[in-house]
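Swiss-Prot annotations:
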type	residues	note
BINDING	16-23, 63-67, 122-125	GTP binding site
COMPBIAS	172-189	compositional bias 'Basic and acidic residues'
LIPID	C213	S-geranylgeranyl cysteine
MOD_RES	C213	cysteine methyl ester
REGION	171-193	region 'Disordered'
MOTIF	38-46	motif 'Effector region'
Amino acid sequence: MTSYKNNNVISLCIMGDGGVGKTAVTIQFISNHFVYYYDPTIEDSYRKQCLVDDQVYMLDILDTAGQDELTAMRDQWIRSCEGFILVYSVTSRSSFDQIQFFREQIIRVLDSDDVPIMMIGNKIDLDDERQVTFQEGKDLARCLGMSFMEVSAKNRTNVEEVFNETVRIVKRKEDPQSHKPSKDSDSKKPLVNTSKIIKKINTRVKQTKTSICKMM
């Protein structure tokens with residue numbers, strides 16, 4: 001039976017708007033299959049062993065609800081985790097707009113803006129229904145200091161890579177000399193004029209949103 005050192009057990013929290021496929025992404029990673037129908041999640045937890053850069057880790061994964069009325073519970077979930085995966089659907093502009101809300105909540109609860117966060121755009125298999133471009137996702141992630149990938153829970157595209165890269169992000173925060181960024185993920189290098197990027201991403205974004213990027 002494999003035993004794990006404390007620093008080889010990593011707690012991850014999956015957050016995002018309702019209906020974006022958080023559970024589908026998680027179950028695809030855990031069980032290698034796609035769930036078409038499931039009841040709305042309040043809180044589910046999973047464990048899986050993974051190998052990242054020749055190191056074995058045990059991931060404790062918390063799949064959370066997206067409903068606004070569960071904000072108090074979400075604060076508790078945030079405090080219990082080391083890394084975060086924020087999910088939106090590329091077929092839903094409103095879920096993309098909510099990403100910054102979830103990021104702000106993490107920063108508020110942990111009282112730090114140096115938090116390991118991976119942002120992912122799910123449902124890229126539904127290209128005909130796409131409302132958010134890859135470039136928009138990439139630009140917002142860079143602006144807010146997050147890594148970024150697009151995935152398909154249905155086809156398993158990039159699902160394993162997302163979790164592996166999130167492990168690297170968490171470990172880099174613990175030890176900046178370890179786990180160099182992979183070629184598949186975006187660096188956290190800020191853009192020069194991030195306020196213009198936010199405006200380009202979504203002309204409906206309020207001034208309160210752009211102010212965060214200006215401060216970075």
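Please read every residue number as a count from 1 along the shown chain.
Every residue gets a Cβ built from N, Cα and C, even glycine.
Features as recorded by Swiss-Prot, highlighted on the structure.
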| residue | record | CB count, 10 Å |
| --- | --- | --- |
| G16 | GTP binding site | 25 |
| G19 | GTP binding site | 12 |
| K22 | GTP binding site | 27 |
| T64 | GTP binding site | 24 |
| I124 | GTP binding site | 21 |
Assigned element (helix, strand, coil) containing T64 (GTP binding site), judged by DSSP: strand
Secondary structure at G16 (GTP binding site), reduced by DSSP to three states: strand
